[in-house]
């Protein structure tokens, strides 16, 4: 086996290849050959390291912004110039734009700006230096590696550690920047495309050069480098093309199957890509250092999550399942740990066949127990089954209520990274579609805060919370009230109707046609097909709900909340893409009002939850 491995690499195998160079050209030609942007033996320093510095600079910028906002003293927070600076940062983090020609929207201004800077860097480093090809002749050779191919290859290699670490659940980038791992996926995707584009530009100059030289077939037949390169770029192409959001049929069911197939195969493709890329680099200069860095970072991330799963939480936990409505399933896991509202856990159910190999994220809909001598806290999740694993669990729960299965836990992740919602004067929670359960834990946390906070004689100083929920589940208020009532009874607190208002928009039936799935609800909501159909009605239970048949006007609700003069407003939202976009743009508009000193809130913070 060792002999088979040896054939893939030059001998003797070293960590770094030698930088020793002998130039047999004229003095003038040698001087040209070792130019700053042309010298092959320093190409890793000229192109790979600046690429690393680009990523580090972006991470450092986001880190400074995050920790400055988080650690700023209260006196500084009250300064008008500081509030305007914070609002300017939040504006570019929230604001999105619609691209009507493509029938889609952009990422936030901040994300787009980082992508533009990255694209400008790679274009400048690729097309700026000259020449693209050596001025070789049939009798004169400056080298067999075209400068264009050399520099793009090193830049692509330098992207590798960041490409691999960005999507991991526990990674240092998320810790430093305060950006949860699921939000870093967008950068993982774009770094992948940048690396793929650089790999293509790295590949074709070699083909052109050897076709000109007349030995392309010979190189392919005798050089391992060429076909390991091809073997690396094929799975890389598969990963990039398969990640395109529009490569799917119009059927939601087919789209889900397509995603599940990609999810099941992308780890295998990624391993093939990294292995052949490693062999392709063949310890040239410092190339293997980037694989070492990648391995260390990924291993640390993987071990952290696995150690927490098996040593902190163990393998003895069981998850129980019960249908609380026709459309919602409750998952309960007794556990002795803590978490924050809005965070999520990854659950791996061990008795569901192939599904036992994958962990699935669920937003926590409970808060830790406050009683020291009480039973364990309970992780509670309210899930809208959509087929696949959750559909199978819902089917089992219907046949056997409160059945349980062994479960492995990994978390918590995500959540609000600055301060809790109840620390603001006014909080607004917008939860729609499958994301409506996000509000449960936030309401519980606010109830605890209100219970601990003595009532003030001064009107308007007590925290106010507004909850807006859009759901097609007509039994929503029943299980929602049951969850909050059970929580209040366990902790000996009562409902504060003067401080918390919950408005539920029922979106189940419109005209002669009913909405038959959560996916369809989300799709219709994104297309604006759900309209408000009447005035609100109130329930008379222990927890008063205001019920409206229709779809909430998200922009108007956010605007109304942020126009309150002189208050700080914390907003949390979870739902379809259209809901997130409307909330983010309305919050961005509020930042502009702060910057222009218009009447309204003095501070507006937004947390957009991706997982449901």
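Glycine residues also receive a Cβ, built from the backbone N, Cα and C atoms like all the rest.
The feature transmembrane segment is assigned by TrEMBL to 47-69 (among others).
Residues or ranges marked as transmembrane segment in TrEMBL: 105-128 (among others).
Tertiary neighbourhood of the transmembrane segment (148-166): same-chain residues 37, 40, 43-44, 46-49, 51-52, 55, 122, 125-126, 129, 132-133, 172-173, 184-185, 187-188, 191-192, 194-195, 198-199, 201-206, 274, 277, 281, 287, 290-291, 293-294, 297-298, 301, selected by CB-CB distance under 8 Å and a gap of 6+ residues from either end. Annotation comment: TrEMBL describes 148-166 (among others) as transmembrane segment.
Residues of the same chain lying 6 or more positions beyond the ends of the transmembrane segment (187-212) and with a Cβ under 8 Å from any Cβ of it are 111, 114-115, 118-119, 122, 126, 132-133, 144-146, 148-149, 152-153, 155-156, 159-160, 162-163, 166-167, 219, 226, 229, 232-233, 236-237, 239-240, 243. Feature annotation from TrEMBL assigns transmembrane segment to 187-212 (among others).
The list of residues near the transmembrane segment (224-247) in space but at least 6 beyond its ends in sequence, with Cβ under 8 angstroms from a Cβ of it, reads 7-8, 189, 192-193, 195-196, 199-200, 203, 206, 258, 262, 266, 269-270, 272-273, 276-277, 279-280, 282. According to TrEMBL, the transmembrane segment annotation covers 224-247 (among others).
Using a Cβ-Cβ cut-off under 8 Å and counting only residues 6 or more beyond its ends in the same chain, the transmembrane segment (259-279) has close neighbours at 8-9, 157, 160, 164, 224, 228-229, 231-232, 235-236, 238-239, 242-243, 248, 288, 291, 294, 358, 388. Positions annotated as transmembrane segment by TrEMBL: 259-279 (among others).
Long-range neighbours of the transmembrane segment (285-304) within the same chain, counting only residues 6 or more positions beyond its ends whose Cβ lies under 8 Å from a Cβ of the stretch, are 15-17, 19, 41, 43-44, 48, 157-158, 160-161, 164-165, 168-172, 274, 278. As annotated by TrEMBL, transmembrane segment applies to 285-304 (among others).
Shown for the domain 'FAD-binding FR-type' (308-419): DSSP residue counts in helix, strand and coil, namely 23 helix, 43 strand, 46 coil. What TrEMBL lists as domain 'FAD-binding FR-type' is 308-419.
The list of residues near the transmembrane segment (105-128) in space but at least 6 beyond its ends in sequence, with Cβ under 8 angstroms from a Cβ of it, reads 47, 50-51, 54, 58, 91-99, 148, 151-152, 155, 186-187, 190, 194, 197-198, 201, 577, 581, 584.
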